[in-house]
Amino acid sequence: MTKNYIFITGGVVSSLGKGIAAASLGAILKARNLNITIIKLDPYINVDPGTISPIQHGEVFVTEDGAETDLDLGHYERFIHTKMTFLNNFTTGGVYSQVLKKERRGDYLGATIQVIPHITNAIKERIILCSKNSNIILVEIGGTVGDIESLPFLEAIRQMAVDIGRKNVIYIHLTLVPYIATAGEIKTKPTQHSVKQLLSIGIQPDILICRSEKTVPLHERKKIALFCNVPVDAVISLKDVNSIYKIPKLLKNQKLDDYICNYFKLNVPEADLQEWEEVIYAEKNFNNTIVIGIIGKYIKLPDAYKSVMEALKHAGFKNKIKVDIQLINSQEVENKNFQILKNLNGILIPGGFGDRGIVGKLLSIQYARENHIPYFGICLGMQIAIIEFAQNVVGIKEANSTEFDPQCKYPIIDLIKNRPNNSSKNYNKIENRINLGGTMRLGSQPCKLSANSLSRKLYNQEIIIERHRHRYEVNNLLFKKIEAAGLQVTGRSQKNNVVEIIELSNHPWFLACQFHPEFTSTPRDGHPLFIDFIKSAGKHKKNFI
């Protein structure tokens, strides 16, 4: 099977949307019956993003096999119907770590280890390993051309054209074409300079995708083509749109997929983008608008909750409801500032770490429970819901998590006992930690649902498999008293009897789960828990108008 590689780089500035562009192109090529995978190369020194602050990096997307990866892999999964693995994302730190381990073992037989060839060879090996079962491999290189961090990756993809043949490689460069409002002009000079930087590395781009506030007109595309040495048909205008789900059609309308298929000499059927037409239609046509509050601590960067926000939108599509998402800093609720919660039709508390903002989250849950507002807790959102119920309903004021208070008298939430490095009650002290990275309960785990529960009804099956990312769990030894007071456990893991789902029966909609359902939601199908949460929030709005 011939393998064709499409390398996507970015220029001028960061955050241009290379991930969305790669996912959208992948969706079009997948619709042409091509076997696609997408790889993200990240040029930072961290081994993976698992220990990076969400405020700096955005969410950590967890794959089925438990890899902690870049949020772009979430876009890849949602757009191309393909599950990602640990092979689909690697970093400079991961590559260097691998090479250094080999050097310590003596695998290099005394050679002097250098960026070229050892680091670049390791990068190429990882790309080839991930492409084993695909015939079209899209590779997104993080960062911006010109950054020193990206150089080993750029050199590796330059070499790949030599190794496998230039005819099997396409270089796509995504650049910014700014619109200067005061002059009423689009400026192409930044793109020209960015391409020159790429040429200095030895890479001639085959296709330019020009991100701009407005459509780049033909005469400007001709100018870019002339000075950047690419055909006019290969200069693609990517104007700003109000929905990422419009991008596949935008690229298809400019025949980007035709250009690629002709380049690779692929005889494949035309792409049918009907499913994307349906998504766009659902996004525009709704009967109701509701307000959902995400109560979190990382709201300075909305990308910290990217998959949660997308899953809420997907659920809105399925219910013909427009979801207005409000990101609320949990610390703003700490002084019982319930005014900011009054207009919400649903409250969601997502995953997180640490004790900052916990009081505000507890108060938000209490407000949702007492005022019969639909509540959805995810990961930490489930753990805090249990603590709130234990303190305010059962009357166990000492109930807490050892994450927030290692010496608490009633540790209803405690470290997972059978995980590596989790033996110390003083785990939060730096000196007692061995490794933070890669030591949580990660990836897909089976869960058994209770008969006659809401979750069983929504999933319509007894055994489900969902993705996890947590270091703390419910303490089963202390939970019986809480369960007896009315907080039902309706889902437990099959392996270790871990509490996975809780429900409150005397409430319109109060459900929380230890796993992360947002990672498996798609714009076409949504996710059953999110869909019913939004449905309940819609009912709440009607009841309180």
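Here the Cβ of each residue, glycine as well, is placed from N, Cα and C on the backbone.
As written in Swiss-Prot, here are the features:
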ACT_SITE  Cys379  active site, nucleophile
ACT_SITE  His516  active site
ACT_SITE  Glu518  active site
BINDING   Ser14, Asp147, Ile148, Glu149, Lys187, Thr188, Lys189, Pro190, Thr191, Gln192, Lys223  CTP binding site
BINDING   Ser14, Lys187, Thr188, Lys189, Pro190, Thr191, Gln192, Lys223  UTP binding site
BINDING   Ser15, Leu16, Gly17, Lys18, Gly19, Ile20, Asp72, Lys239, Asp240, Val241  ATP binding site
BINDING   Asp72, Glu140  Mg(2+) binding site
BINDING   Gly352, Leu380, Gly381, Met382, Gln383, Glu403, Arg471  L-glutamine binding site
DOMAIN    291-543  domain 'Glutamine amidotransferase type-1'
REGION    1-266  region 'Amidoligase domain'
How big is the Cα-to-Cα gap, in Å, between Lys187 (CTP binding site) and Asp240 (ATP binding site)?
16
So, three-state DSSP: helix, strand or coil for Leu380 (L-glutamine binding site)?
helix
Can you give me the Cα-Cα distance between Thr188 (UTP binding site) and Gln383 (L-glutamine binding site) in Å, rounded to a whole number?
52
Which are the residues of the chain, Gly352, Leu380, Gly381, Met382, Gln383, Glu403, Arg471 excluded, whose CB is within 8 A of where the CB atoms of the L-glutamine site average out, their centroid?
Gly351, Phe353, Cys379, Ile384, Ser401, Ile413, His470, Tyr472
Distance between Gln192 (UTP binding site) and Glu140 (Mg(2+) binding site) at the Cα atoms, whole Å?
21
Taking only the Cα atoms, work out how far Ser15 (ATP binding site) lies from Arg471 (L-glutamine binding site), in Å, as a whole number.
31
Maximum Cα-Cα separation in Å among residues Gly352, Leu380, Gly381, Met382, Gln383, Glu403, Arg471, which the record lists as binding L-glutamine:
14
Assigned element (helix, strand, coil) containing Glu518 (active site), judged by DSSP:
helix
Across all the protein chains here, work out how many other Cβ atoms are within 10 Å of the Cβ of Met382 (L-glutamine binding site).
26
So of Asp72, Glu140, Asp240, Glu403, Glu518, which of the recorded positions has the fewest other Cβ atoms within 10 Å around its own Cβ?
Asp240
Helix, strand or coil for Ser14 (CTP binding site)? Use DSSP.
coil
Cα of Arg471 (L-glutamine binding site) to Cα of Gly17 (ATP binding site): how many Å, rounded?
32
Could you check which of these binding-site residues, Gly17, Pro190, Lys223, Met382, Glu403, sit within 10 Å of His516 (active site), going Cα to Cα?
none
Tell me which of the recorded positions Lys187, Lys189, Arg471, His516 sits in the most Cβ-dense spot, judged by other Cβ atoms within 10 Å.
His516
